[in-house]
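To start, the structure itself, in structure tokens.
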Amino acid sequence: MFFQSFQHQSRHSAYFELYKAFPASFFGKTEVEKGNFIILPTSAAQRLVNLRIDYPMLFKLTNTQLGLFTHCGVLEFTAEEGTCLLPYWLMNHLGISEGGDVSVESIRLPRGTFVKIQPHTTAFIDLPNPKAVLENALRSYACLSQGDSISVQFAGRSFEIDIIETRPGPAIMTIQTDLEVDFAPPKDYREEAPQLKKEASLTYEQEEGKQQSKTATWQGSGNRLDGKPVTNMPRKESTDKASNEYDPRKHRLVNGVKKTTGNAKTSYWDTLGSGNTMKK
């Protein structure tokens, strides 16, 4: 009996309403496109006060037809009765068309401590300071949900970013909290293949000639004109090999070079003395 009473009380202590969703930009609220805040009607403000909903007010948005949901905050209470104004990118994320149904339910989320994001394109990390851009953009987000995709506006461009991980829970509040941000490689990132060092190689013709030279020696037998078989003669070593193996010590003179005597002409090199110093 107590459980049923408590369950009934909890159901009525939370705000829940079904609205018709429209893009906020259609009503001149272009600043809403930079985050995940929504605009509710004036009647919602009074009900939220009566229910003593904690600040900052956070909500769970659900596409009642597809069952897709995310979380958001509220910016102001100026929408027409029965309507809810959302960022256009958020409507696309939930698959809600203009005038489609969306349920708005108040919710409490833990303060976030960590978030890991993944940009869709490398264009985002190529910005001068992508981390500063992200930190500034997150000020327009009341909360983040794991598995969601958010839109970051910068310099007239829109960058899609996936929320891969959040701590301490699958959905976190990002208002008035120190949030650690980590980056995953962009979806379109491709690591360049390492450049292999090219080594000099033989051309096809050179390689073919090299192979032919190995097999050019004829190993068969023949006959002379008189019919007698030709005897195998030992091959002479090539002159190239002989020149390569030349050793001057084997060809030196036995008694050496004879010294000149008497009036031998002094060479230019002898006038330089030892060669270490020069006369001034």
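One is the number of the first residue shown, and numbering goes on along the chain from there.
Just so you know, glycine gets a Cβ as well, placed from its N, Cα and C.
What TrEMBL says about this one:
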- 212-222: compositional bias 'Polar residues' (COMPBIAS)
- 234-248: compositional bias 'Basic and acidic residues' (COMPBIAS)
- 258-280: compositional bias 'Polar residues' (COMPBIAS)
- 17-110: domain 'Ubiquitin fusion degradation protein UFD1 N-terminal subdomain 1' (DOMAIN)
- 112-186: domain 'Ubiquitin fusion degradation protein UFD1 N-terminal subdomain 2' (DOMAIN)
- 203-280: region 'Disordered' (REGION)
(request) Using DSSP, break the domain 'Ubiquitin fusion degradation protein UFD1 N-terminal subdomain 2' (112-186) down into helix, strand and coil residues and give each count. (result) 15 helix, 33 strand, 27 coil
(message) DSSP on the domain 'Ubiquitin fusion degradation protein UFD1 N-terminal subdomain 1' (17-110): how many residues come out helix, how many strand, how many coil?
(response) 25 helix, 39 strand, 30 coil
